[in-house]
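Per TrEMBL, the features are as follows:
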TRANSMEM  25-42  transmembrane segment
TRANSMEM  62-80  transmembrane segment
TRANSMEM  92-111  transmembrane segment
TRANSMEM  123-143  transmembrane segment
TRANSMEM  155-174  transmembrane segment
TRANSMEM  186-206  transmembrane segment
TRANSMEM  252-270  transmembrane segment
TRANSMEM  290-311  transmembrane segment
TRANSMEM  318-337  transmembrane segment
TRANSMEM  349-367  transmembrane segment
TRANSMEM  379-401  transmembrane segment
TRANSMEM  413-432  transmembrane segment
Amino acid sequence: GDDALLFAGTGANQFDEKYYRRLRWRIDLHIMPILIFIYFTQFLDKNILSYASIMGFPVKGIHYNDVAQAFYMGFLVWMFPTQYIGQKLPLAKYLGANIIIWGGVVMLHAVCHDFSGFYALRFFLGTLEASVTPALILIVSMWYKQDERATRIGWFYAGNLSTSIVGGAVAYGVTFYKGAIAPWKLLYLILGALAVFNGIIVVIWLPDSPMTARFLSKEEKIAALERVRLDQAGTHNKHIKRYQIKETFQDIRTWIMFFIIMTIGIPNGGDSAFSNIITKSFGWTSRQSLLLNMPRAAIGGFAVVAVGWLSDRLHDRMTLILIFTLPTLIGMVIMTTMQYSGKRGVLEFAQLIQNLSAPCFPLCYAWNASNIAGHTKKVTVNAFTLFTFGVGSVVGTYIFLPADAPGYIPGKAAIVVLTVFQMALCAAMAYVNIRLNKQKKLALEALITENQWSEEDIQKEREKAAFLDLTDKENVFFSYT
């Protein structure tokens with residue numbers, strides 16, 4: 001069974017809604033700022049290369065693509081091992097140790113001077129950052145109910161997007177530095193030190209689970225578990241269950257999500273490394289490009305928080321992903337067809353509106369958090385999602401090739417095609433979940449008839465099943481969003 005079963009028992013403990021609301025506020029206050037800071041740091045450090053690319057970074061041409069790709073190669077190699085190690089160890093402590101070490105790796109970029117050194121450092125940075133997103137999704141699943149998760153994932157993902165404001169501002173300021181250290185090196189030193197500080201905060205203040213939270217009393221810990229009991233997804237279990245791994249790869253939704261994430265990951269790989277280069281290709285200077293990329297965070301951050309909230313209210317993920325894919329499609333069509341028009345204002349607008357599609361990836365996280373049960377299955381699905389994202393991002397770092405500069409028209413056209421494919425896949429995923437819910441309803445009705453359960457019996461069985469570490473397929477009470 002789930003670790004929470006030992007703590008809270010099989011029968012539900014009763015707390016009123018006012019108590020739960022006050023408890024949720026305490027959890028938000030203690031947990032969410034740390035998660036936002038973690039994701040902010042992770043995305044900022046991954047994307048320092050994009051800022052450095054127009055600040056005198058010494059690697060150019062196809063070798064720049066290779067250095068950008070190295071991060072995702074490390075990410076891929078270590079994605080599954082780091083998730084299963086994290087399942088065996090105290091989750092927050094393991095995460096914090098990874099952050100401290102990667103801060104050191106970021107700072108080492110400042111003493112590197114050739115392609116092989118940068119490639120190695122980016123590779124190791126990828127292995128260390130592979131632990132972050134699946135861990136944060138598991139933490140959100142431990143603390144929040146199904147109809148609260150998209151909002152919270154939106155909050156920490158908005159922290160991710162705010163990096164373009166902070167990173168752009170720091171990079172812009174550093175360009176005016178005239179000392180002995182090259183500006184791009186100073187940028188790596190400053191942001192690496194910030195990551196070390198972040199890791200220390202995580203180790204000291206982020207609890208590994210609700211059962212170990214020092215900011216909660218024993219009664220509040222039980223209440224925190226009761227809040228998520230009826231979602232039927234459990235909280236934490238240190239035992240790796242092989243049958244749940246097998247079930248993950250037999251689930252058709254795993255493979256639909258695989259292709260959805262690929263269609264998101266490929267554009268991400270290109271955008272992470274080339275966004276500032278593409279902005280500069282419209283006719284702006286390096287400093288103007290750094291400033292013009294800053295509003296992207298405000299647009300994307302607002303969209304992520306607002307759409308995450310809306311998703312929880314509507315209990316819908318895939319429909320919203322489909323709708324908010326449209327800005328990328330429209331923006332990329334404009335950038336493909338008007339690259340050489342000389343209308344840099346229109347091109348900048350087309351690049352900026354694509355940030356309205358920012359909610360799509362965090363909504364995929366929220367979809368995983370709300371539609372998968374069984375701790376090992378959740379760990380496997382989260383790792384596979386990020387592994388797929390890494391594969392897509394590796395491909396994406398070569399979508400904009402030096403031979404296609406400065407317009408990169410073939411790469412932009414490829415993103416248009418991928419976006420259309422993504423929309424079709426989202427419609428298919430929504431259909432599958434609706435169909436599975438109908439099957440669940442029929443199966444539950446059959447059990448009720450067979451066992452002659454009363455309403456009280458049904459509720460007891462529902463409570464009993466919640467912390468047995470059953471998968472979504474095994475648990476007849478589980479419902480998909």
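Any Cβ shown, glycine's included, is placed from N, Cα and C.
Because the structure is a prediction, the values reported are computed rather than measured.
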Intrachain neighbours beyond the transmembrane segment (123-143), with Cβ under 8 angstroms and 6 or more residues off its ends: 27, 31, 35, 38-39, 42, 45-46, 70-79, 82-83, 86, 91-92, 94-95, 98-99, 101-102, 105-106, 149, 152-153, 156, 206, 209-210, 224, 228, 233, 235-236, 365, 368-369, 378-379, 382-383, 385-386, 390
Range from 62-80, 186-206, 290-311, 318-337, 413-432 with most C-beta pairs under 8 A to the transmembrane segment (25-42): 186-206
Intrachain residues whose Cβ lies under 8 Å of the transmembrane segment (379-401), provided they are six or more past its termini: 62, 65, 68-69, 71-73, 75-76, 79-80, 82-84, 86-87, 126, 130, 133-134, 137-138, 244-245, 248, 254, 257-258, 261-274, 277-278, 361, 364-365, 368, 372, 408, 410-411, 414-415
Intrachain neighbours beyond the transmembrane segment (413-432), with Cβ under 8 angstroms and 6 or more residues off its ends: 252-253, 256-257, 259-260, 262-264, 266-267, 270, 316, 318-319, 321-322, 325, 328-329, 332-333, 336, 360, 367, 399
Stretch-level contact, the transmembrane segment (349-367) and the transmembrane segment (62-80), CB cutoff 8 A, at least 3 pairs: no
Within-chain partners of the transmembrane segment (155-174) [C-beta distance under 8 Å, separation at least 6 from its ends]: 32, 35-40, 42-44, 47-48, 51, 55, 136, 140, 183-184, 186-187, 190-191, 287, 290-291, 293-294, 296-298, 300-301, 304-305, 308, 355, 358, 361-362, 365
Intrachain residues whose Cβ lies under 8 Å of the transmembrane segment (62-80), provided they are six or more past its termini: 46, 49, 53, 115, 118-120, 122-130, 269, 272-273, 383-384, 386-387, 390-391, 393-394, 397-398, 400-402
